[in-house]
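**Q** Have a look at this one.
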């Protein structure tokens with residue numbers, strides 16, 4: 001009886017009178033004394049099965065012992081439900097199956113939690129410990145089904161556009177740039193280690209040098225970094241690289257691909273071309289390099305208005321090269337007490353802010369701790385700059401630009417969510433362009449690559465390498481959706497001398513650069529084409545399209561926030577024999 005004629009959730013009234021064979025799990029069992037009803041579930045949905053002695057006494061007797069999550073093989077006839085028993089909440093709610101035969105394929109213990117999307121109070125640890133049960137829930141199946149549909153759509157688009165799906169190594173060489181590597185000891189080469197790839201970056205560039213011209217890969221990547229809700233130690237990215245393409249060409253292709261994905265998976269038409277915003281504009285107006293444009297409450301620079309005020313926090317910040325910015329929380333003056341605003345200040349402090357100044361706009365002017373520092377003229381200018389009116393709450397940050405932008409940007413997002421300003425039905429894509437090539441770490445006194453060391457500077461800025469590297473712009477572009485970075489790309493360096501200069505800016509000696517990246521530098525000596533690409537985070541994209549709140553829900557078997565697998569209990573200890581084979585010994589920390 002291993003053949004099946006229908007999936008449970010796909011039987012309609014058209015099948016009334018047919019004899020069908022079904023397979024699935026028992027979602028629910030109800031004994032009404034003489035009749036037994038079972039909701040049979042498979043990946044497509046649920047159908048009601050009725051065990052009636054008038055149809056089959058043998059089937060009814062077998063159903064007496066059946067419990068939730070048993071796996072059944074059922075044969076029966078499709079019938080219309082009686083009037084008054086139709087279930088409008090089920091796709092199969094107008095029909096039922098009159099069971100003629102049933103075979104128990106597998107029994108089941110009582111699950112540790114209900115197999116239902118309504119089981120919201122179950123802890124995530126319990127769900128992850130029993131992930132194979134958690135994945136039976138319809139919402140989890142639908143999320144992974146969407147992941148499949150997204151990947152399928154992307155593969156089809158890239159195939160139609162002449163891209164080749166090429167795999168790159170998982171065991172590769174550790175790189176000094178980026179996050180920490182996951183290291184794999186070599187048994188054959190004593191004391192030496194492979195690294196799991198943080199991305200296929202160099203290999204895809206080498207494929208361009210090899211002449212493949214258009215490459216893609218659904219690539220597994222690994223980073224040993226501190227985790228948060230939208231990160232995992234192992235993740236998947238849609239990796240794309242092209243030769244002889246400009247930044248405009250790559251962005252046009254990537255956004256066309258995303259429009260196709262949105263139409264095929266969500267039925268949403270995305271107008272093209274996508275909007276663009278410079279990095280400087282994003283940081284100035286949104287306090288973020290991945291702005292959420294679904295709502296307003298933009299950051300406004302009021303430095304010129306308040307620079308000569310007697311409020312020293314403002315005047316000193318401007319005098320010392322910093323800024324004063326503000327956000328207008330429309331209509332919020334009556335909703336936030338002093339205690340509430342103090343709590344907002346504590347939140348801003350998590351992002352480096354030393355405090356949060358504020359005033360409330362009332363009919364006769366502004367009120368609040370710093371209101372006395374604003375005369376009528378300044379109040380009028382602030383009201384104009386912030387489009388403020390009676391009932392508004394104005395929040396100010398004063399410090400270095402980076403601190404103010406980051407703290408007010410985070411506060412903007414928090415308040416946008418709290419006040420219901422974000423339309424969750426929107427999918428707002430945009431490109432962030434004109435990135436700085438380098439970031440300067442003041443504590444270490446050195447430069448870091450804003451994206452990665454292989455990003456090509458804007459051609460006009462190449463002369464600044466020796467004189468003003470901090471002013472160089474990158475040929476880089478990030479794709480943002482609803483305040484999340486979906487991915488980033490750039491035109492790559494393909495000339496050996498430029499790449500060597502870039503390594504020098506990042507603190508590599510010529511010998512260190514040769515030792516770490518000599519094979520890439522040598523490849524550039526054999527005729528390298530101009531090339532560039534983009535990498536998009538598949539897990540994050542699916543999270544946003546499926547309306548989930550963390551990446552773990554988009555991955556079949558994810559890791560926890562501490563990078564462990566509760567199902568398999570990885571990572572785990574290994575035997576002394578295994579360590580000896582690898583020429584390793586474990587040095588354990590002494591517990592205090």
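Indices start at 1 and increase along the chain as displayed.
Every residue gets a Cβ built from N, Cα and C, even glycine.
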**Q** Pick from 167, 280, 281, 485: which one does Swiss-Prot list with 223, 224, 225, 232, 537, 538, 539, 540 for the same ATP site?
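**A** The one candidate that Swiss-Prot places in that ATP site: 485.
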**Q** How far is it from residue 492 (L-aspartate binding site) to residue 538 (ATP binding site), counting Cα to Cα, in Å?
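**A** On Cα coordinates alone, these residues lie 22 Å apart.
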**Q** I need the nearest neighbour of residue 84 (site 'Important for tRNA non-discrimination') among the binding-site residues 223, 451, 538, using C-alpha distances.
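**A** Smallest Cα separation from residue 84 (site 'Important for tRNA non-discrimination') among 223, 451, 538: 538.
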**Q** What does the DSSP secondary structure composition of the region 'Aspartate' (201-204) look like, as residue counts for helix, strand and coil?
**A** 4 helix, 0 strand, 0 coil
**Q** Between residue 485 (ATP binding site) and residue 451 (L-aspartate binding site), find the distance joining the two CA atoms and give it rounded to the nearest Å.
**A** 13
**Q** C-alpha of residue 540 (ATP binding site) to C-alpha of residue 223 (L-aspartate binding site): distance in Å?
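**A** Just about 15 Å between their Cα atoms.
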**Q** May I ask you to report the DSSP-based helix, strand or coil state of residue 225 (ATP binding site)?
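**A** Coil, per DSSP.
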